[in-house]
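Working notes, structure below.
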């Protein structure tokens with residue numbers, strides 16, 4: 001939403017886009033952004049060179065036409081092309097990128113697509129009669145996201161081109177890593193591992209399964225498919241061989257007795273207790289809702305691999321779960337944002353919520369220090385309160401998610417959710433899972449950076465942000481206890497002529 005004054009198609013200046021849209025709705029006259037800023041001023045005044053849904057921006061005195069940026073808020077609309085978009089902004093963005101005039105027909109999912117589940121990246125398109133059908137993506141020319149190497153070993157110009165090929169060939173293909181596949185040509189991985197940008201790692205997802213693909217492992221677990229068995233072998237590092245189904249369940253229920261939710265489950269197969277095999281982040285006996293701390297069951301029908309982590313800020317939210325349809329978290333007073341990770345100007349997000357920068361102080365005892373992630377306050381030898389992490393991580397209740405690679409809210413990839421929680425507890429960080437699988441930047445930073453993250457040592461000491469009283473509290477070589485810029489606090493810093501390493505565990509000479 002633009003907050004600055006804007007000029008629009010009818011030549012009038014509005015306070016913001018919301019006011020314009022309300023006016024257009026009341027008058028029933030189509031109106032759209034012409035350029036940002038008040039009418040009659042700037043390089044965009046009187047400039048008519050922008051296409052529909054493009055916005056004119058005054059850049060160094062020159063008019064530049066650009067497509068607007070959109071957030072991920074879910075407020076579905078059915079457009080004139082028969083496609084359901086996450087929100088109206090994304091519909092306008094599609095029109096801008098493709099050069100097609102697309103307009104909103106009505107709010108909500110397009111008629112005929114409500115109960116249609118498309119596979120292999122196909123998109124449900126509703127025709128004039130309201131009948132929905134799955135169609136492959138056909139507008140990839142505008143995707144400039146860059147080359148990707150897919151799991152079929154082929155380099156594609158963009159993710160869109162990969163999705164298009166997967167749909168046309170009816171094959172399960174996902175991104176292996178960003179860039180050309182050539183970087184893995186000389187890399188030999190162990191059984192079950194995949195090469196990602198020259199680094200071997202275990203897969204984190206499998207194709208959709210059929211009702212007859214269930215396989216029993218020698219560990220007594222019933223796997224949805226052979227792919228899931230191989231994935232478990234890779235992640236657990238165990239030798240698991242296929243066994244007869246009777247070795248896993250003495251009495252598998254009949255398919256028609258399971259009634260598994262077709263969106264949230266791998267298949268309509270359940271065990272003798274009626275428990276269906278749920279997708280990552282999905283819970284319930286029938287796999288019909290997201291587990292606590294996850295959201296977005298409806299997004300699975302649009303291609304998501306499972307329910308997504310809520311990712312609520314530990315410091316700014318009042319609870320760890322979120323609204324199931326939007327992922328919006330419940331914020332503490334003074335914090336705001338979809339994930340409650342923002343504060344008003346002159347405030348900073350701390351372990352005690354949003355506080356004025358001038359009112360921050362170092363905790364003197366355990367009454368002043370709040371520990372997160374299962375940490376317990378204790379008094380250190382220096383006399384200062386610290387958070388100690390003695391609680392063992394328990395993630396068995398998360399099912400398959402417990403074994404999956406996790407992308408943290410710090411942009412780092414963790415081997416599993418327990419590693420993330422232990423790291424967050426040790427350093428008392430506002431760190432939560434943001435998505436399942438590898439972080440986008442992890443697959444594009446190069447093999448050296450990926451290897452560093454893969455080999456993260458949870459017991460490695462850090463100094464950045466560690467509160468201190470004097471230099472004796474700073475145990476990293478070439479650090480000292482100095483004042484922080486905006487707080488009445490002191491923390492460990494690198495000495496002059498040195499700078500912190502990326503993992504904040506040492507000071508490197510300049």
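Positions of Cβ are set from backbone N, Cα and C atoms, glycine also.
Nobody curates TrEMBL annotations by hand; they come from automatic prediction.
Features as listed in TrEMBL:
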DOMAIN    1-41  domain 'Kazal-like'
DOMAIN    66-112  domain 'Kazal-like'
DOMAIN    128-183  domain 'Kazal-like'
DOMAIN    196-250  domain 'Kazal-like'
DOMAIN    258-309  domain 'Laminin EGF-like'
DISULFID  258-270  disulfide bond
DISULFID  278-287  disulfide bond
DOMAIN    310-356  domain 'Laminin EGF-like'
DISULFID  310-322  disulfide bond
DISULFID  312-329  disulfide bond
DISULFID  331-340  disulfide bond
DOMAIN    381-441  domain 'Kazal-like'
Given the disulfide-bonded residues 258, 278, 310, 312, 322, 329, tell me which ones have a C-alpha lying within 10 Å of the C-alpha of residue 340 (disulfide bond).
312, 329
Return only the integer: C-alpha distance in Å from residue 270 (disulfide bond) to residue 278 (disulfide bond).
10
In whole Å, how far is residue 287 (disulfide bond) from residue 258 (disulfide bond) when you measure between their Cα atoms?
11
Validating a neighbour-count step here. Other CB atoms within 10 A of the CB of residue 340 (disulfide bond): how many?
26
As a whole number of Å, the Cα atom of residue 287 (disulfide bond) is distant from the Cα atom of residue 310 (disulfide bond) by 18
In three-state terms from DSSP, label residue 312 (disulfide bond) for me.
coil
Among the disulfide-bonded residues listed as 278, 312, 329, within 10 angstroms of residue 322 (disulfide bond) by C-alpha we get 312, 329
Which whole-number value in Å describes the distance between the Cα atoms of residue 310 (disulfide bond) and residue 278 (disulfide bond)?
18
Inter-residue Cα distance where the pair is residue 312 (disulfide bond) and residue 278 (disulfide bond), in Å:
23
Reported mean pLDDT - the domain 'Kazal-like' (196-250):
73
Tally of DSSP helical, extended and coil residues in the domain 'Kazal-like' (381-441)
21 helix, 13 strand, 27 coil
Can you tell me how many other Cβ atoms are located within 10 Å of the Cβ belonging to residue 331 (disulfide bond)?
22
How would DSSP class residue 258 (disulfide bond) in three states?
helix
Identify, in sequence order, the residues in the chain of residue 329 (disulfide bond) that are 6 or more apart from it along the sequence and have a CB within less than 8 Å of its CB; answer 'none' if there are none.
310, 311, 312, 313, 316, 317, 319, 322, 323, 338, 339, 340
Number of other Cβ atoms within 10 Å of the Cβ of residue 312 (disulfide bond) across all protein chains
25
